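Below is one structure; the comments refer to it alone.
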């Protein structure tokens, strides 16, 4: 039973965006730790990813990613793999067979005992006993609880000239254990194969095609980056561009806000014509400058400040903690709402003595915070460049060797170089 349970433990790596501080890390970890079936969770702030282990019989990856989104963060990509890579699917099959035999044996013994009984109450009681014993029987072996999902490989095949060639290639591939659907296209000279990565690997597919007289080469997916460091760098550059665009947009509002509030309505002498123009009242209690500042501050407060509100609310609602976004939204909201109150009250009472307003506070505060986060993203980008250079040192080739059953090198096998994408598990192949 322990082995069966371990077959259901899945390890996932989730690429994230929107992490800015340790509070974001705590928020995600606390939300995921509350979920049933989540066993381990680690969030890396620098790499903006989360690594976790969970029991797929208790929770799905969709619920996990939705929980992260509910907390206010974006899920960029999810990689899932079995945590029990040291076992083949046949272990689970044998194990379930043992459990089934044991359960059937118990069922037969209990049935014989029931036939000896005559009381209806006893029949009901014994029937309940059967249910309780059969409840221990694990679910049927499926690809979702014992093996990974079917993978897809694309092969470039050279030498096909007719339908007979297509049939030969398709027959050779489909004859392998673990192969599902195979589609061979004569026009494009390609084969698309769905296979079980726990039973067979891409190198077996290439060898099967080669054995029937054709040349085959694995086509790397366009969505798969040969260098994983490029993905990290692309995400960092994307985050930099997003923050830069929002900062520049905030400047379009911050600069006129600063000039009007700090220079025209404050620094200039009261007798200055420009100041007098902005201090002129449209209606009692409402000045021209105040109306302009309100129009400048409103889009900043709700458009540029929208993501801050969303993250602050989700952090409080789901994680029950306050973060930096909470502090920002509280400060800017008080300044914005307080300014509106100070404008509405004199207008309502037709008081020609306008009160102090703080629209510039929320605008400038959002601008400075966006500037800080953009600079932080640039600093992270430099770190990612270093990491990317290290990842570029990963070899793209490997030496293929063969071991015998005793773990010794097989001298009869000729070592040769293969692409690193053709490296596969030793569980189902003596070649490493």
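Yeah, the Cβs are placed from backbone N, Cα and C, and that goes for glycine too.
Predicted, not measured: the structure shown is a model, and the values here were computed from it.
TrEMBL tags one of the stretches 357-375, 376-394, 395-413 as transmembrane segment, and that stretch is 357-375.
When the ranges 219-241, 288-310 are checked against TrEMBL, the one recorded as transmembrane segment is 288-310. Against the transmembrane segment (322-345), stretch 357-375 has more CB pairs under 8 A than any other of 247-268, 288-310, 357-375. With helix defined as DSSP H, G or I and strand as E or B, the domain 'HMA' (151-217) counts 22 helix, 24 strand, 21 coil.
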